[in-house]
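J.: The active site, nucleophile annotation in Swiss-Prot covers T192. The substrate binding site annotation in Swiss-Prot covers T155, K181, T192, E279, N407, S412, and the record cites sequence analysis as its basis.
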Amino acid sequence: MPVNLIAVQPSDLLPVPGVRVGVAEAGIRKANRRDLTLIELAAGSRVAGVFTLNRFCAAPVQLCKQHIAGGDVRALVINTGVANAGTGEQGLADAHATCVAVGRTLGVAPEQVLPFSTGVILEALPVDRLIAGLPAAHADLREDGWFDAAHAIMTTDTLAKAVSRQVEIGGRTVTLTGISKGAGMIKPNMATMLGFLACDAAVSQALLDALTKEAADLSFNSITVDGDTSTNDSFIVVATGQAGNAEIADPLGSDFHALRDAVIDVSIRLAQAIVRDGEGATKFMTIAVEGGLDVVECRKVAYAIGQSPLVKTAFFASDPNLGRILAAIGYAGIQDLDVGGLRVWLGTAAEEVLVAELGGRAPTYREEDGVRVMKEAEITVRVDLGRGRARATVWTCDFSYDYVKINADYRS
């Protein structure tokens, strides 16, 4: 069961002026499920994106990178069930055929379409079925289609992930709505996750590009479920410019800071929802590392802890075998780390317990305190490296028996 992840309701999601969303059952992999999503963007919309760093980059990601560079995106098309990764030249041809078909359906050029796929790797995309499903998705286009889209992009997810909020910018109300999917193969940069965030703010392309990268780094690039990096992950931010605010072009201005805070907030909530719905997860863990020389080494330590199977299984069992945390810190690759200056805490919203200091177990630590904290569903591991002022946070979950079962049964 997801960890404190509340099922989203249709009324929770706000339409974004300039964006219409439709879904359809295309039978990509399984019958009788909505697996095709079409998103139409108003003319003049600006789009930014960041994509997987996996060298085995999927065909749709390769095409997305080319098309987004053109600077005039009018549509997004997303299929679930088949990733169209590891499919060679045929995969690229299928992704291109998808863009051609979407362009014909919407009256735009193929180069104005961004394709996205998620699902099983090394299987050919049934492009004929996808294209046959486009008329139904087109007929379904509407401003309030976000709820259905959040469900249509799911794979092993157990709950849809979607967030809306509004913010005042330049005397205008700006609306943001985002959806994401992912539950396994989650580890930056990024993972088997798709994220789509739309707003109606008017913002320069340069600032939108920078903001998208920053938001991804602070959210989707700060989560891990199992340490595997996918071939298909993509995070897209759309700004339609229809809110009526003066275009935001000053990175130091209050308007940009308001938009920045809102985009990062929605991105973090979408990313955390992925971890809360991690395959087989029973605990949501925040790994907060401070006192580093720079953010890079803080993130190294946080990921070493958050990706350790031994740490994750200990948390599943509520077993305070906390030497596993110290071992993970030790192999994180931090040069000249003085373990005698380390301090480690376990915490919840109600309390924080000092576990280790001066290179060993804290004199005040009692195992029953560790057990009490680890029995909670939400736990923070705080580490002070004691060598600087930098800090970083990573979110992860535990490993349960169900993680193995879900992945063993994935293709069945």
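Each Cβ is built from the backbone N, Cα and C atoms, and glycine gets one as well.
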J.: Please give me the CB contact count at 10 A for K181 (substrate binding site), counting all chains in the structure.
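T.: Step by step: centre on the Cβ of K181 (substrate binding site), count other Cβ atoms within 10 Å, giving 28.
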J.: Would you count the other C-beta atoms found within 10 angstroms of the C-beta of T155 (substrate binding site) for me?
T.: 21
J.: Give me the count of other Cβ atoms within 10 A of the Cβ belonging to E279 (substrate binding site).
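T.: Cβ-Cβ neighbours of E279 (substrate binding site) within 10 Å number 24.
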